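J.: My structure is below; once you've seen it, I'll send some questions.
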Amino acid sequence: MTARAGIIWTTLLILAGIFSLAFIFFTLFPGQVPDAAWQYFSPVEVERARRYQQIMRLVSILAFLAKTAFLVWLVYSARAAYWSDGVLRLTGGRYYPALVIYFGLIWLLLKVVGLPFNFYGSFIVQHQWGFATQNLASWWADYLKSSFLDLILSGAGVILLFWVTGRWPHTWWAAAGLFLSGWLFVSTFLWPLLVAPLFNRFQPVTEGPVKTMVTQLAGRAGLKVKEILVMDASRRTTKANAYFTGLGATKRIVLYDTLLANYPPDEVEAVVAHEMAHWQRGHIVRGLLWGILANFLLLGLLYAVLKLTFTYEIARPGPYPPHLLVAMLLFLQLVSFLGQPVQNAISRRYETEADQVALELTGNPRAMIKLQVDLTRKNLGDVAPPPFIEWLTSSHPSPLDRIQASEKWGQDDNPRYSRGQ
Ligand SMILES: [Zn+2]
């Protein structure tokens with residue numbers, strides 16, 4: 001490892017450590033919520049939601065730290081290289097079988113490290129707080145299904161990645177970026193058709209009032225929304241939500257059945273309008289383009305760092321030795337953790353825009369405010385997370401920000417405020 005590589009790795013680790021400590025500090029001591037929140041929530045509600053969020057935040061940061069510590073240990077103890085040599089001996093020096101076994105081993109160990117946190121956060125805590133509706137067998141079925149999918153897809157990705165390192169030793173990162181960009185488009189297109197149905201059932205909305213509301217909103221938004229799908233989210237959780245997904249012909253708005261069952265029509269309308277706003281403003285494609293830019297940047301940086309760190313291994317002909325996989329995973333883990341503020345700032349901008357467009361479509365700020373209050377109460381959302389936590393991890397503006405933006409929209413002399421016309 002060159003001195004410069006040492007500085008880069010140390011800087012990344014120190015920054016991730018500082019971010020993690022600050023995250024833990026503000027999780028344990030979140031401070032006061034702004035006074036404006038008391039207009040919509042009682043102290044008991046805020047306290048209860050904060051306790052729930054505290055637990056979920058601790059689980060997520062501890063899972064990150066455990067996985068990172070494991071990767072750091074593999075790299076710095078030289079176990080990563082030692083195991084890779086062992087696997088190569090096992091396969092009689094045959095590269096690709098060794099790579100596959102090595103990847104499988106690291107993947108499995110990372111799964112083992114992450115499992116307790118995953119199980120605690122998505123099963124135990126969800127039951128303790130009364131959100132979960134699925135039993136243990138069904139949780140394991142989900143876990144095994146999604147793990148298998150991850151194993152196959154990331155395994156294929158790793159084989160392709162190491163193959164390109166042998167094919168184009170100095171420009172593989174650009175080739176990998178191109179493959180990854182293509183894959184992002186294909187997977188966004190196919191996800192709703194192939195992956196989502198593995199976990200849930202989707203039914204088009206057929207009943208009268210919701211269907212009529214959707215048609216009217218789509219007309220106002222100038223969109224050809226053929227159907228809205230309802231997902232059987234209630235098989236896992238009592239929480240309500242909705243999302244917009246897909247690309248081209250697979251674009252769709254999905255509502256949780258828990259939303260339709262437990263929220264009044266004007267709030268459902270606000271949700272649908274928000275999702276249509278994402279559609280109308282092309283947020284998925286814009287998000288994909290940001291993702292592609294980030295991928296090229298990340299892969300280019302990865303190449304530069306690997307070249308400084310493993311100068312000797314990389315100079316040899318042929319694909320990179322399997323043990324570089326661990327350093328790659330560590331680098332991507334650290335950089336994507338540190339890059340969260342950028343990614344989330346972009347996401348929050350889109351969400352703010354979607355709320356504004358939704359208000360123009362419904363002309364009903366009261367319903368939007370009621371929706372935010374209801375969602376926050378029932379899902380135990382943090383009405384106003386500590387600024388550092390919001391900056392690092394929030395993909396959406398805080399409920400209080402969304403409520404205040406709707407209040408402001410309602411008060412402004414808004415020329416487009418023309419409900420029913
Ligand atoms: Zn949204």
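Backbone N, Cα and C define each Cβ position, glycine as well.
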J.: TrEMBL records HIS274, HIS278 as Zn(2+)-binding residues. Which of GLU207, GLU227, GLU351, GLU390 is assigned to the same site?
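T.: For Zn(2+), TrEMBL names HIS274, HIS278; of GLU207, GLU227, GLU351, GLU390, the listed one is GLU351.
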J.: According to TrEMBL, which listed range is transmembrane segment: 148-166, 319-337?
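T.: In TrEMBL, residues 148-166 carry the label transmembrane segment.
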J.: Can you work out which residues elsewhere in the same chain, 6+ from the ends of the transmembrane segment (288-308), have a Cβ less than 8 Å from its Cβ atoms?
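T.: Same-chain contacts beyond the flanks: 1-2, 4-5, 8-9, 170, 172-174, 176-177, 180-181, 184-185, 188, 247, 314, 320, 324, 327-328, 331-332, 335-336, 339, 343, 346.
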J.: Using a Cβ-Cβ cut-off under 8 angstroms and a sequence gap of six or more, which residues of the chain neighbour GLU275 (active site)?
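T.: Spatial neighbours, sequence-distant, of GLU275 (active site): ALA242, TYR243, PHE244, ILE253, ALA354.
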J.: Most CB pairs under 8 Å with the transmembrane segment (148-166): which of 6-29, 96-120, 172-194?
T.: 96-120
J.: By the DSSP assignment reduced to helix, strand and coil, which category contains GLU275 (active site)?
T.: helix
J.: Among all the protein chains here, how many other CB atoms are within 10 A of the CB of ASP355 (active site, proton donor)?
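T.: Its Cβ shell of radius 10 Å holds 23 other Cβ atoms.
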